[in-house]
Amino acid sequence: DLWQWGQMILKETGKIPFSYYGAYGCYCGWGGRGGKPKAGTDRCCYVHDCCYGKLTSCPKTDDRYSYSRLDLTIVCGEDDPCKELCECDKKIAVCFRENLGTYNKKYRYHLKSCKKADKPC
C-alpha cells in the first residue's frame, strides 16, 4: 500500500516520498504523464509504472504485503500473495537511493516536455 511504499522510500533515501517525488519529471506521481523519462530519478518511476503494469497478483496499489529489513536490505515476504507488488516497491526504493545524485529540482512540477504518448515498457 502507499504507506508501506512510502516507508521503504523514506528508509532507503531519507526523503519524504510524496513531497520529494510526488510531482517529479514525467513519471513520478500518480499515473505518470508520458514521454521520455527525465534522468535517473524519473527513470525509476517509469520502471516502477512498468512493473505495476506487469503484476499478475495483487494488482492494486492499496493491497498490503509483508516485508522486513535485514541489515540494510528490504526483504519481501516469501509466501506473501502480494510479493510481486512488494518487489516493485522495493525496486523503486533502491533505485531512488542509487539515483539520489540525479535528482534535479528543475524537474519538480515539470510538465512542459512530457508527451501524452508513453515510452513502451
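Each Cβ is built from the backbone N, Cα and C atoms, and glycine gets one as well.
Per Swiss-Prot, disulfide bond is recorded for Cys26-Cys114, Cys28-Cys45, Cys44-Cys95, Cys50-Cys121, Cys51-Cys88, Cys58-Cys82, Cys76-Cys86, and the stated evidence type is similarity to another entry. Residues annotated as Ca(2+) binding site in Swiss-Prot: Tyr27, Gly29, Gly31, Asp49. For His48, Asp89, the entry in Swiss-Prot reads active site.
Feature map: annotations from Swiss-Prot on the structure.
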residue : record              : DSSP (3 states)
Cys26   : disulfide bond      : coil
Cys44   : disulfide bond      : helix
Asp49   : Ca(2+) binding site : helix
Cys76   : disulfide bond      : strand
Cys82   : disulfide bond      : coil
Cys121  : disulfide bond      : coil
Most Cβ neighbours inside 10 Å, all chains, among the disulfide-bonded residues Cys44, Cys76, Cys88: Cys44
Recorded positions compared (Asp49, Asp89) - highest count of Cβ atoms within 10 Å: Asp89
Cys51 (disulfide bond), number of other Cβ atoms within 10 Å: 18
Spatial neighbours of Gly29 (Ca(2+) binding site), counting only the disulfide-bonded residues Cys45, Cys58, Cys86 and Cα distances within 10 Å: Cys45
Close disulfide-bonded residues near Cys45 (disulfide bond), where close means Cα within 10 Å, chosen from Cys58, Cys82, Cys86, Cys114, Cys121: none
Residues near Cys50 (disulfide bond) in space but at least six apart in sequence (CB under 8 A): Cys121
Cys58 (disulfide bond) - helix vs strand vs coil (DSSP): coil
DSSP-derived structure type at Cys88 (disulfide bond), helix or strand or else coil: helix
Rounded inter-Cα distance in Å - Asp49 (Ca(2+) binding site), Cys88 (disulfide bond): 9
From Tyr27, His48, Cys58, Cys114: recorded positions whose CA lies within 10 A of Cys88 (disulfide bond): His48
Top Cα neighbour of Tyr27 (Ca(2+) binding site) in the set of recorded positions Cys86, Asp89, Cys114: Cys114
Separation of alpha carbons, Cys58 (disulfide bond) and Cys86 (disulfide bond) (Å): 10
Cys114 (disulfide bond) versus recorded positions Cys28, Cys76, Cys82, Asp89 - nearest by Cα: Cys28
